[in-house]
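Participant: Before I ask anything, here is the structure I am working with.
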Amino acid sequence: MATDDPRLWAAPDGAAQRGESSTNFVNFEPADTAFVRRIDCMRRTLLLIPHEIAGLPVFGFGWLLILLAIGLVARIVIGKVRGQSPGKILATEGLLWAIAAIAVTVVLPRVELHNLDGDPVGMAIRGYGVMLLLGVGSAIWLAAYRARRYGIDPDMIYSIAPWAFFGGIFGARAFFVAQYHRQFIGDTFFETVGNMLRFTEGGLVVYGSFIGGSLAVTYFLIRHKLPVLKFGDVIVPCMFLGVFFGRIGCVMNGCCYGGRCEEGPMALQFPPGAKVYQDQLFDGQLLGFSYDAETREITSVREGSLADQAGIRVGGRLNELNDDRSEWKSAPRDIPAEDVPTGVVVTVDGRRHRWSADQLPNQALPVQAAQVISSISSLVLCLALCGLSRFDFRTGTIMLLGFASYAVLRFVLELIRVDEAGQFGTNLSISQWVSIVVFSLSLGGLAWLYRSSKTAALRSETSPNR
């Protein structure tokens, strides 16, 4: 939070390089009164499960493993009461219990958060992950409900659900990792793999989930000789209900944001820690200046901003713009490293300026609520497709209409998002290119669907009676 009397530290030319300790403090008033409306919609971490309880670790060889062992013993006792032998129970369920034990002792400790010293402090329950699970659950429920209206046993939907879930998660994460692979490279192989698997914190691409989930479900349907188009009509509208909840998770996570805009009903401002806050901080917007990326010349300074009060002027040359970790030594060690506030250091024309975390604005500049727009439009699309399902269309029409409609919505949505760069030498993002492909294939599929149906009907009319 910004204080009423923040201070700016400015080192004379070359002082920082010489290691001099002399400082020059300048007092000034809060920089921008636009930062008074705080948005509390971002809840990246809903709950932090502590690393230890009563001196014993929760994960690894600790409380969770003890609870798992108690559960196994209880299962054997209950089975014995019902006439099942322990050997038979272990033979049929032993692999599942072993997988659970490996997850508790090996996997979960690797995804714990660590403090600045690298010590584990606990596991975060992310708002994004919770909304993701809520989206999956609601989509499965709706699909089971719709299946009855199509004459399909709802149990078949529950059989398909794991394929759709794991295929969708794999596709969504693979798409994101392929697009931003450099962000996931760690110091070790296991750290890199851990970064790739940490999908509950965000980093899932909707199109990737559609592709991965569709391929997995199609494989299941073909393998069991079930009608692909009919199941597609049942399932596709439900996918957009999942997107509705997933985009709410994006708001809570502070990702997938839109471009800069003025304050208004469709504008959001995110707190420190959000990606948009960091982006605006390190391109100078939050400090009140802008610069040419090639020449690094200061091109504008907003009157009354932090940069203006620090004496930064148009025409100066930006030498440095980095985070300031000088206060990390005194930071608490009982919180995750990601929650430790970080200041910023700016050097212009050899003169260094430093702002601590509490001197910086308490929220980012307003951005367009792309996540909210996407969430609402996905819900509307879901309801529209469910409504159209009441009419008599060719089998597969609802599925293809859903894909085509989402392609249009996503293409338009990308016009207000700024978190994806243009691809293939154009200003179109990768999602817009995929939208073009999906829309074209969907229209082609609809044309083929109705043309083949019309041709079949014509052949039936002209064929001789037997």
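The backbone N, Cα and C atoms fix where each Cβ goes, and this holds for glycine too.
TrEMBL does not curate its annotations; it predicts them automatically.
Sharing the feature lines straight out of TrEMBL:
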{"type": "TRANSMEM", "residues": "53-78", "note": "transmembrane segment"}
{"type": "TRANSMEM", "residues": "90-111", "note": "transmembrane segment"}
{"type": "TRANSMEM", "residues": "123-144", "note": "transmembrane segment"}
{"type": "TRANSMEM", "residues": "156-176", "note": "transmembrane segment"}
{"type": "TRANSMEM", "residues": "204-222", "note": "transmembrane segment"}
{"type": "TRANSMEM", "residues": "234-254", "note": "transmembrane segment"}
{"type": "TRANSMEM", "residues": "369-388", "note": "transmembrane segment"}
{"type": "TRANSMEM", "residues": "400-418", "note": "transmembrane segment"}
{"type": "TRANSMEM", "residues": "430-450", "note": "transmembrane segment"}
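Situate these features within the shown structure.
Facilitator: Remote same-chain partners of the transmembrane segment (123-144), defined as residues 6 or more beyond its termini with a Cβ less than 8 Å from a stretch Cβ, comprise 43-49, 58-59, 108, 111-113, 154, 157-158, 161, 165, 200-202, 204, 234-235, 237-239, 241-246, 248-250, 252-253, 255, 336, 382, 386.
Within the chain, the transmembrane segment (156-176) has long-range Cβ neighbours (under 8 A, six or more residues past its boundaries) at 136, 140, 143-144, 147, 196-197, 199, 203-217, 219-221, 226, 231, 234-235.
Residues 132, 159-160, 163-176, 179, 228, 231, 235, 239, 243, 246, 403, 410, 431, 434, 438 of the same chain lie 6 or more positions beyond the ends of the transmembrane segment (204-222) yet place their CB under 8 Å from a CB of it.
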Participant: Quickly jot the same-chain residues contacting the transmembrane segment (234-254) by Cβ under 8 Å, restricted to those at least six beyond its ends, or write none.
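Facilitator: Apart from its flanks, the transmembrane segment (234-254) reaches 41-44, 126-132, 134-136, 138-140, 142-143, 146-147, 150, 152, 157, 160, 164, 201-202, 204, 206, 210, 213, 217, 268, 270, 273-277, 369, 371-372, 374-376, 378-379, 381-382, 385-386, 389, 398-399, 402-403, 406.
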